[in-house]
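This report concerns only the one structure given below.
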Amino acid sequence: MARNAEKAMTALARFRQAQLEEGKVKERRPFLASECTELPKAEKWRRQIIGEISKKVAQIQNAGLGEFRIRDLNDEINKLLREKGHWEVRIKELGGPDYGKVGPKMLDHEGKEVPGNRGYKYFGAAKDLPGVRELFEKEPLPPPRKTRAELMKAIDFEYYGYLDEDDGVIVPLEQEYEKRLRAELVEKWKAEREARLARGEKEEEEEEEEINIYAVTEEESDEEGSQEKAGEDGQQKFIAHVPVPSQQEIEEALVRRKKMELLQKYASETLQAQSEEAKRLLGY
């Protein structure tokens, strides 16, 4: 069974409506809302616009109308919404209610508005048109920024480069580079040597002789000999352990030194002599 909206669109229904309106003068809606000076008529034209919007919103739900028809319907709905806003402003000027605050906004909320697009809305199948769907897709949130404490948790020996040689890659490369660098230095030294020989220069003995870094000089042997003592048979005798004063002995020596400094500073010569005599008698 056909719906009421489809019945109203049939040819017979339109013909019957035309017969009923033959003897009547159809009043047309003013082009500008400011041309209307009566509040009841302004209310009438507003209701008429709402009815037209409702019909077009119902039509645009059909995705089989085609892209161009859907775009035209969406443009017409937005145009009627702007016109409805003009009539609401005019009604308020004529002393009527402020529909911008108290009026229903169901028709406005049926469409989605693209931010920054001057109030243009998309209704029904227009939301799924090519190029429109992407406008409503939300951008992914950026990853949360890590704090300094979280970054410090990920720092290990590898961050400081202590594990660079464990991967088995850098060591062969370093060996190859070292081998190549040594060969270059040897070739350079040979070239310089041949150039000096060609000029007739003699090489210095310091360059020919290798310095023995393990050789012990006489000065070093004298210093080391200060810790050695000769035995009865003339052989060297090494001291295995050098006595070191304990912490208590060091503290007692510091106390005695401090007492002597105080006596020299505050006591007279006679008192110091008496103190020394008393120590001698007591056997200190």
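Note: Cβ is positioned from N, Cα and C throughout, glycine not excepted.
Since the structure is predicted, the reported quantities are computational estimates derived from the model, not experimental observations.
Feature annotations, courtesy of Swiss-Prot:
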COMPBIAS  203-225  compositional bias 'Acidic residues'
COMPBIAS  226-235  compositional bias 'Basic and acidic residues'
MOD_RES   Lys127  N6-acetyllysine
MOD_RES   Ser246  phosphoserine
REGION    196-243  region 'Disordered'
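Taking the Cα atom of each, Lys127 (N6-acetyllysine) and Ser246 (phosphoserine) are about 93 angstrom apart. DSSP assigns the residue listed as 'N6-acetyllysine' to a helix in the three-state reduction.
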